[in-house]
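The block underneath contains the structure these notes are about, expressed in C-alpha cells.
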Amino acid sequence: MKRMLAGLPLVLAAILGAFFLWGLDPERDPNDIPSVLISHPVPEFALDPVPGLDVPGLATADLSGNPGPVVVNVFASWCVPCKAEHAVLSRFVERDGVRLLGINYKDKPEDALRWLAELGNPYSAIGSDLDGRAGIEWGISGVPETFIVGGDGTVLYRYVGPIVGEDAVAKFTLALQQAQGGLS
Amino acid sequence: MIPEIGHFSLALALALAIVQSVLPILGASRGNVVWMQSAQSSAMGQVVFVGLAFAALMRSFVVSDFTVLNVVENSHSLKPMLFKIAGTWGSHEGSLLLWVLILAVFGAGVALFGSNIPAATKARVLSVQAWISVGFLSFLLFTSNPFERVFPPPANGNDLNPLLQDVGLAMHPPLLYFGYVGFSIVFSFAVAALLEGRVDAAWARWVRPWTLAAWMSLTAGIALGSWWAYYELGWGGWWFWDPVENVSFMPWLMGTALLHSAIVTEKRDAFKSWTILLAILTFSLSLLGTFIVRSGLLTSVHAFAVDPERGLYILGLLGLSIGGSLALYAWRAPEMEGGGLFRPVSREAGLLLNNLILAAATGTVLFGTLYPLLLEALTGDKISVGPPFFNAAFVPMMLVLVLFMGIGPFLSWKRADIGGVLQRVRFVALLCLAATLMLWYVQTGAPVLAYVAVAAALWLLFATLREWALRIKLFDAPLSESARRARALPRASHGMTLAHAGLAVVILGMVGSSAWKSEEIAFVRPGDRIEIAGFEVLFEGVEKRRGPNYLADQGRLKVWRNGSYVTTLFPERRSYPVARSTTTESAIRSTLAGDLYASITEPASDTAAKGGAWTLRILYEPLVNLLWIGAGLLVLGGALSLSDRRLRVGAPRRARRPQPQPAE
C-alpha cells in the first residue's frame, strides 16, 4: 500500500508528460478557438425589434440575399467592453459603409434604448434576444462577439471579445476585406 | 570578441558541471574526501564562468552591439539604459542564461555557507545540483545560444516589447527566477537525502534557509508582476489567472506547504517522506512553469517565441529530472518513516491540514491551467478556463485555510487543548463579527462572499496578533517584561506573526479592490466631467508628447473631491514606432484608502486626435495598496525567520527536549 502510494506521483507525472508530448505538436495552435458555424449558413432564429426603437428586428431571412457581406454584432448595455467597442463599430459604419446588424443579448429594452440614445445607434437592424435563445443558436461564448456573414447567408468569420485596440481592429479589418474581396 | 568569450565561458561552465555531476557523488559513495571536496571549487568555478557569460551578454546590450542577434532582436540604441540592461533577460535566450546563473549561484551558496553540512551529504547535494546545471547549460548552448552573431549587422535593433519597458517588469524576472530556481537547491537536498536514505531534523534545518530565501524572492517576484499588470495593462486588475501567472503561483503554494511541513520534520522528526515529496514537487512545478512559458503549449498574454524543438528539449529535461526524482522517491520513500506520534488536535495536525489544503489548492490551479490542453487532447474541443472557475474553486479553499490559520499557532505540539484555545480566541471571534457587521452596515451592496472574506481576513489578523500578544504577555505583564519576552522570542516566531498578518492584509486588499471597486468608461471631449466614488474628474484634453523611443498622447485630468482640488492625472497612450505597438500608461493617485486610476485608450473616432472624443476609463479601487503592503510583510516575515539564530549558527540550540535522533 505504502509502495503504491509512493509511486502515485510518478504515475501522475508520467500521464501529464504524455499530454505535454501530444501538446507540442507544431500544427496545434492553442490560440485558435474555432466556431462550428464557419462556412455554414447562419442558424435559424427570428428576433423582434427592441420596443421603442426605430430600426427593425432581425431574423435568419435578413441575412441572406444581401449585396455584400454584413456584420452581426452581439452586444448588451450591461457589457462594459461593448461600450468601448461601440466606437470602433460606429467608425466602420460611418467610414467604410459597413452594414451593421445587432443582436441585443439578454438586455432590458429600456436599458438598451438608453444606451443607444447616449452613444448613438450604428445598427441598421437590432433583434432583441431577451431570453438568450438566439445567442445559443449562434453559439456565442459571451458578449461582445462579432460575425461576418457573406451575402449568401454563410458565416465567414467570428471574432470573440471586443474589437478594441489596434491589433484587434487590424485583424477584423483584414477579415472584412477578405469577405468583401471574395464576393466582388 | 567579447560575445565569443561569453560563449566560451558557458562551454567551460558546462565542462565543470559535467565533472561536478559525477566526481563528488562517486567520492561520497567511496569515501574519497578529495573527490568530494572537488565540488567546492567546481561550484565556485561554475558561478564565475556563467557570471562571466552573463556579464558579456549584458555588455553587448549596454553598448548596443548589433552584431549579436539577441541584441538586434531585443534592443534599440535609443532605449533608456535601464531597459537596455533589462533587455539582457528580456528574451528567451537571455532569461535562460539568467536561470542558469541563479542555479550556479545557489550551488555556490551551498559550497560557501554549508560548512555545517557533512561532507558526504554536501557532495551529493552539489552533484545533484550539477545534474540540473548540465541539463540547462546544454539546452542553452545547443538550442538557444544567446551569443549568436549576425552578418551584416543591421544599423539598429527591433526594440524590446514596449509592454516590458517598465521598471517594475525589469526587476520582475530576476526576483521570480531567484524564487523558481532557488527551489532547485531544495530539490537537490531532497534527492541527496533519498540517495542516502536518511532524513532527519538536521536535514530539515539545512534546507530551511534555502527554502525561505527562494520563497521570499518568489513572493516578491509575484507581487511585483501583479503590480506591473495593475498599472501597466490599463485594466486596473492585478490577477487574471493567466497560465503564466498560474505557473508562478503553483510553486509558491507548494513552497509555502514545504516551509510548513519542514518545520514538523525539524521539530518533531515526522512528515519526512511528505516533506521530501513537497521539495521535489515544488521544483518540479518551477520546471513546469519554465516549460509552459517557453513551449507555446497554452495560450497566454505573455509567452516567449514558440519553438517546438525547444519545447521537446525541455520536456526531455523535465522527464529526466521530475521522472527520475519521483521514481527515486517511489523506490526509497517507503523505507523512511517513523517520527513522533500526535493526536488529531495538535500543531502537527494543524500543519498537516495546512499542507493538505495548500496541496489541494495547487492541484486545483494545475488542473484549471492544464484543463484546456487535457480536454483538447481527449475530445478535440477547444475551450479556455477563466477566472470564474478559479475563483469558485480556489477562494473557498483559501477561506478554510485562513480559518484554521488563525487557530494553528495556538496549538501545542503532540496534543493540544482545543477548549483552552477556543477560550483564548473567543474574544477575537467576537471582535471580527462586530467589525464585519459594522462594515455591512456602512458598506452594503457587496456580494455576501466579500463580507465573509473580510471577516476571515480580520479573524486571521486579530488571531495572529492575539497569539503574539499572549506569547509576550502584552498587557498582562509590565511593558518592560513584555519587551524582554519579545526579545527572547525566536525571530522565526516573530517572522511567522508578521507573515501571517501580511497574508491577512493581502486578503483585505484583494477583497476591497475587487468587491468595492467602482468603474466608469466614458467617451469624453475636452471639458467633460465624470463623477466616480465621490471624486469629480474634469477631462481637459490630450496633448502630444515625445519620449526617448516613443510618441505619446497625454491626457490631462483635474480631480476634485467635495469641491476641493485633489490632483491632476496624466494618463498616456504611447506608441512605439520601432516595435510597432502601443501601450497604455495609466495615471494613478495612490492613497492607503484606495487608488484613483485613469487610463485613456482608443480615440473614439478618427477625429478624436483633433479635439474629438477619447475613451476614458476611470476606476476607484479601495484598499488596493494593501496588496503590496501585505506582500511586503510576507517577505519581511520570511527575512526575520531567515535571520533566526538557529539557522545562522547552524548548531542545534540547547533544547529542553532531547535532540531528535537520525531516522533508522
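From the backbone N, Cα and C atoms, a Cβ is placed for every residue, glycine too.
Annotation source TrEMBL lists domain 'Cytochrome c assembly protein' at B:89-296.
As annotated by TrEMBL, domain 'Cytochrome c-type biogenesis protein CcmF C-terminal' applies to B:315-645. Per-residue confidence over the domain 'Cytochrome c-type biogenesis protein CcmF C-terminal' (B:315-645) averages out at a pLDDT of 87.
As annotated by TrEMBL, transmembrane segment applies to B:6-26 (among others).
Summarising the annotation, TrEMBL assigns transmembrane segment to B:47-72 (among others).
According to TrEMBL, the transmembrane segment annotation covers B:96-113 (among others).
Only residues 6 or more beyond the boundaries of the transmembrane segment (B:125-144), in the same chain, are considered here, and those with a CB under 8 A from a CB of the stretch are 10-11, 13-14, 17-18, 20-25, 28, 39-40, 42-43, 46, 50, 92-93, 96-97, 99-100, 103-104, 106-107, 110-111, 114, 117, 184-185, 187-189, 191-192, 195, 307, 309-310, 313-314, 317, 320-321. The annotation transmembrane segment is assigned in TrEMBL to B:125-144 (among others).
For B:175-195 (among others), the entry in TrEMBL reads transmembrane segment. Nonlocal intrachain contacts for the transmembrane segment (B:175-195), taken as residues 6+ away from its ends with a CB within less than 8 angstroms of a stretch CB, comprise 25, 95, 98-99, 102-103, 106-107, 109-110, 121, 124-129, 132, 203, 206-207, 210-211, 213-222, 224-225, 248, 251-252, 255, 258, 276, 279-280, 282-284, 286, 289-290, 321, 325, 328-329, 332-333.
The transmembrane segment feature in TrEMBL is assigned to B:249-265 (among others). A Cβ distance under 8 Å defines the sequence-distant neighbours of the transmembrane segment (B:249-265), meaning residues of its chain 6+ beyond its ends; these are 179-180, 183, 186, 199, 201, 203-204, 207-208, 211-212, 214-215, 218-219, 222, 271-272, 274-275, 278-279, 281-283, 285-286, 288-289, 339, 348, 351-352, 354-355, 358-359, 361-362, 365-366, 369.
Annotation comment: TrEMBL describes B:274-292 (among others) as transmembrane segment.
Below 8 angstroms of C-beta separation, residues 131-132, 135-136, 139, 142-143, 187, 190-191, 194-195, 273, 276-277, 280, 284, 287-288, 290-291, 294-295 of the same chain, each at least six residues beyond the ends of the transmembrane segment (B:312-331), sit close to that stretch. The feature transmembrane segment is assigned by TrEMBL to B:312-331 (among others).
Look at TrEMBL and you will find B:352-374 (among others) tagged as transmembrane segment. With a threshold of 8 Å between CB atoms, the same-chain residues lying at least 6 positions outside the transmembrane segment (B:352-374) that come near it are 241, 243, 246-247, 249-250, 253-254, 256-257, 260-261, 264, 271, 274, 278, 285, 292, 297-299, 382-385, 389-390, 393-394, 397-398, 400-401, 404-405, 408.
Annotation comment: TrEMBL describes B:394-413 (among others) as transmembrane segment. Sequence-remote contacts of a segment are chain residues at least 6 beyond its ends whose Cβ falls under 8 Å from one of its Cβ atoms, and for the transmembrane segment (B:394-413) they are 267-268, 340, 342, 345-351, 353-354, 357-358, 360-361, 364-365, 421, 424-425, 428, 449, 452-453, 456-457, 459-460, 462-464, 467, 496-497, 500, 503-504, 507.
The transmembrane segment annotation in TrEMBL covers B:448-465 (among others).
Annotated transmembrane segment per TrEMBL: B:495-516 (among others), in sequence order.
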Long-range Cβ neighbours of the transmembrane segment (B:6-26) (under 8 Å; 6 or more residues past either end): 32, 35-36, 38-39, 42-43, 45-46, 49-50, 52-57, 60, 97, 100, 104, 123-124, 126-131, 133-134, 137-138, 140-141, 145-147, 195
Folded-back contacts onto the transmembrane segment (B:448-465), same chain, C-beta under 8 angstroms, at least six residues removed: 395, 399, 402-403, 405-407, 409-410, 425, 428-429, 431-433, 435-436, 439-440, 497, 500-501, 503-505, 507-508, 510-511, 514-516
